[in-house]
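Enquirer: Shown below is the structure under consideration.
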C-alpha cells in the first residue's frame, strides 16, 4: 500500500511538474520533438483509457432468456420423430417438388418432414423464432 501511496503522492506530481506543457496552443508548435512526445504520449494513453472505460461501462450487456419450464430436455431438438433411428434422414426427389413444398424445421409437425404449422405453438411456448423451409420449383 505504501508503494501506491508514494506513486500517487510523490512520483506522479514530480512527473507532471517536469512535463513541458505550453501555456497556449501555439506553444505546441515551438516544442522540440522529444518534448512533444513527452506531452502527447501520456495524454493519448490517458484519453484512450478514459474512452475505453466509458465504452465498456455503457456497452449493452447480452441478455440470456431463461429456459422454458415446459421444455423437458433443452438440449434435444427432436423429441418424438423416429426415435428408434440413429439418425433421421428424409429424401425428396427434386422432380416431385412441383410448385412448392414446405418442410418442418422445428420437429413438432404431425406430418413430418412436411410442415403443418406446429412451429407457431412451439414459438409461443419456447420464445423461439423457428419457421419452415420452403422449397419452390422453377417457374416455367
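Cβ atoms are placed via backbone N, Cα and C, with glycine included.
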Enquirer: If Swiss-Prot is the reference, give me the range from 12-35, 36-59 marked as transmembrane segment.
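Expert: Within the set 12-35, 36-59, Swiss-Prot attaches transmembrane segment to 36-59.
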Enquirer: Enumerate the residues of the same chain, 104, 106, 115, 119 excluded, that satisfy the criterion Cβ within 8 A of the mean position of the Cβ atoms of the recorded [2Fe-2S] cluster site; list them in sequence order.
Expert: 103, 105, 107, 108, 109, 116, 117, 118, 122, 130, 131, 132
Enquirer: For residue 119 ([2Fe-2S] cluster binding site), what is the tally of other C-beta atoms lying within 10 angstroms of its C-beta?
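Expert: Neighbour count, Cβ to Cβ under the 10 Å cut-off: 21.
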